[in-house]
Structures are given as C-alpha cells and as structure tokens.
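S.K.: One structure, as structure tokens, below. Some questions next.
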Amino acid sequence: MKRAVVVFSGGQDSTTCLAQALHQYDEVHCVTFDYGQRHRAEIDVARSLALKLGVRAHKMLDVTLLNELAVSSLTRDSIPVPDYEPNADGIPNTFVPGRNILFLTLAAIYAYQVKAEAVITGVCETDFSGYPDCRDEFVKALNRAVNLGMAKDIRFETPLMWLDKAETWALADYWGKLNLVREETLTCYNGIKGDGCGHCAACNLRANGLNHYLADKAAVVTAMKQKTGLQ
C-alpha cells in the first residue's frame with residue numbers, strides 16, 4: 001500500500017497537493033501545525049477541507065514554541081502585513097524563520113510512524129516569494145539529513161516546485177478542484193478566505209495566476225502537463 005503524508009495548511013498550494021495525493025496514493029495522511037499563527041482561521045479551514053476531501057487521518061500538531069522564537073508579521077499582531085510590492089528586495093516580514101525546517105522534520109517523523117513513503121509539501125521556487133526555505137536546494141538537503149538521522153528512505157515530494165501560479169491553478173483544475181480551491185482555501189496573509197484581501201503579496205500572486213490561467217487555459221495546461229508528466 002502506498003502511503004503519503006501531506007503538510008496541510010488549508011491554503012491554495014497544500015490543498016492542490018492534497019487533491020493530487022488522494023489520486024496517487026492509497027492512504028493519505030494530513031498534518032497541520034498550530035504555531036500560534038496570526039490567523040487561527042487557517043486551522044479551521046484546514047480541518048474543514050480535509051473532511052470535505054475525505055481524509056481519514058488528519059493530525060493536528062501543537063508547535064506554538066515556534067511563535068516564541070520566530071518573529072514575523074504572521075506570528076505577531078503588532079507587525080503589519082505589507083501590501084504587495086512587485087520589486088521588493090530581501091526577505092519579507094511574512095517569513096517565519098525555521099517554519100519549513102520544523103514542519104518537514106515533524107512530518108517525516110509522523111511518516112516514519114505511519115509507514116508512509118513520502119512527505120508532500122506545496123513549496124514552490126518558480127514564483128519565488130523570497131522565502132529561503134521554499135527552495136529546491138533546501139528541501140533536498142533537509143531530506144538527505146532527515147533520512148540519515150532516521151535511517152529511513154522517506155521522499156520529500158514538491159509537486160509545485162517548478163510550477164508558476166497559473167500552472168498551479170491548472171493542476172487544481174486537472175483534479176477537478178478549481179472552484180474548491182478558489183472559494184474555500186485560505187492563502188491571504190490578512191486571514192480572508194477565498195479571493196482574500198486583494199492587497200497582500202499572497203493575494204496578488206494568487207489572483208494574477210488565476211487571471212493568467214483563465215485567459216490562456218490551453219497553453220497553461222500544456223505547460224503544466226509538460227512539467228508534471230500528467231497526461
């Protein structure tokens with residue numbers, strides 16, 4: 001039996017990954033992290049979506065210690081979430097230091113316990129957000145370290161790594177979940193479900209990707225299939 005663990009936040013990317021995993025694996029587990037994030041609605045959205053998609057095993061993990069250590073606009077109400085700036089340099093204040101290091105490591109420990117062969121995460125390098133822990137180089141390096149530390153061969157899969165946002169929308173549509181992703185996921189840095197606030201970087205990236213996909217579906221689907229190997 002093929003088993004996978006999906007790192008699941010209830011956002012666009014992880015929901016798209018979950019939709020695909022449910023078609024490609026016999027048994028899919030989700031793990032969602034409570035790290036004291038600014039918008040607690042994320043956890044409720046993740047729980048609701050997992051139930052709606054038929055996930056039988058959904059693990060909620062308390063990692064609120066991260067909130068004490070990692071200062072970010074996503075962990076502190078006192079730090080404002082910036083509006084989207086197309087040419088902004090440096091790491092944005094929405095970056096939570098160590099988040100993906102911790103999430104992937106804990107997901108791998110969970111995968112070890114449930115005998116899953118893969119940990120799936122929706123990180124992406126193509127539409128680079130400025131987050132160093134979304135890079136392919138980082139994921140592969142951590143994967144090697146975790147496998148050495150547990151004497152296990154667990155794959156870290158990144159289905160969206162080389163897709164842009166338009167292609168990610170195409171992938172959600174391929175699995176019949178475009179409307180679900182558009183209406184019921186929470187990607188917005190200001191905690192607004194669906195199309196979000198329309199001002200933050202996450203909303204801008206999401207909206208531009210959707211507009212591109214809807215305007216040029218055939219070309220975007222072709223590019224998505226070439227990158228993913230789907231037929």
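Placed from the backbone N, Cα and C atoms, the Cβ positions cover glycine too.
As the structure is a computational prediction, the values presented were derived from the model and not from experiment.
Pulled these from Swiss-Prot:
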BINDING   Phe8, Ser9, Gly10, Gly11, Gln12, Asp13, Ser14, Thr15, Thr16, Cys17, Leu18  ATP binding site
BINDING   Cys188, Cys197, Cys200, Cys203  Zn(2+) binding site
S.K.: Check the Cα-Cα distances from Phe8 (ATP binding site) to the binding-site residues Cys188, Cys200, Cys203 and tell me which is shortest.
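M.R.: Ranked by Cα distance from Phe8 (ATP binding site), first place goes to Cys188.
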S.K.: Sort out the sequence-distant neighbours of Cys197 (Zn(2+) binding site) for me: same chain, 6+ apart, CB within less than 8 Å of its CB, listed by position.
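M.R.: The answer is Cys188, Tyr189, Asn190, Cys203.
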S.K.: What Cα-Cα separation, expressed in whole Å, is found between Gly10 (ATP binding site) and Cys200 (Zn(2+) binding site)?
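M.R.: That comes out at 18 Å between the alpha carbons.
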S.K.: In the structure shown, with every protein chain counted, which of the binding-site residues Phe8, Gln12, Leu18, Cys203 has the densest set of Cβ atoms within 10 angstroms of its Cβ?
M.R.: Phe8
S.K.: Quick one: Cα separation, Cys200 (Zn(2+) binding site) versus Ser14 (ATP binding site), in Å?
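M.R.: So the Cα of Ser14 (ATP binding site) lies 19 Å away from that of Cys200 (Zn(2+) binding site).
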S.K.: For Ser14, Thr16, listed as binding-site residues, tell me which one has the smallest number of other Cβ atoms within 10 Å.
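M.R.: Fewest other Cβ atoms within 10 Å, among the binding-site residues Ser14, Thr16, is found for Ser14.
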S.K.: Other than Phe8, Ser9, Gly10, Gly11, Gln12, Asp13, Ser14, Thr15, Thr16, Cys17, Leu18, which residues of the chain come within 8 Å of the ATP site, judged by Cβ distance to the Cβ centroid of those residues?
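M.R.: Counting only non-site residues, the set is Val6, Leu49, Gly122, Thr185.
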S.K.: Validating a neighbour-count step here. Other CB atoms within 10 A of the CB of Cys188 (Zn(2+) binding site): how many?
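M.R.: By my count, 25.
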S.K.: Measure from the Cβ of Cys200 (Zn(2+) binding site) and count the other Cβ atoms within 10 Å, all protein chains considered.
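M.R.: 23, counting other Cβ atoms within 10 Å of Cys200 (Zn(2+) binding site).
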S.K.: CB neighbours of Gly10 (ATP binding site) within 10 A?
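M.R.: Gly10 (ATP binding site): 24 neighbouring Cβ atoms within 10 Å.
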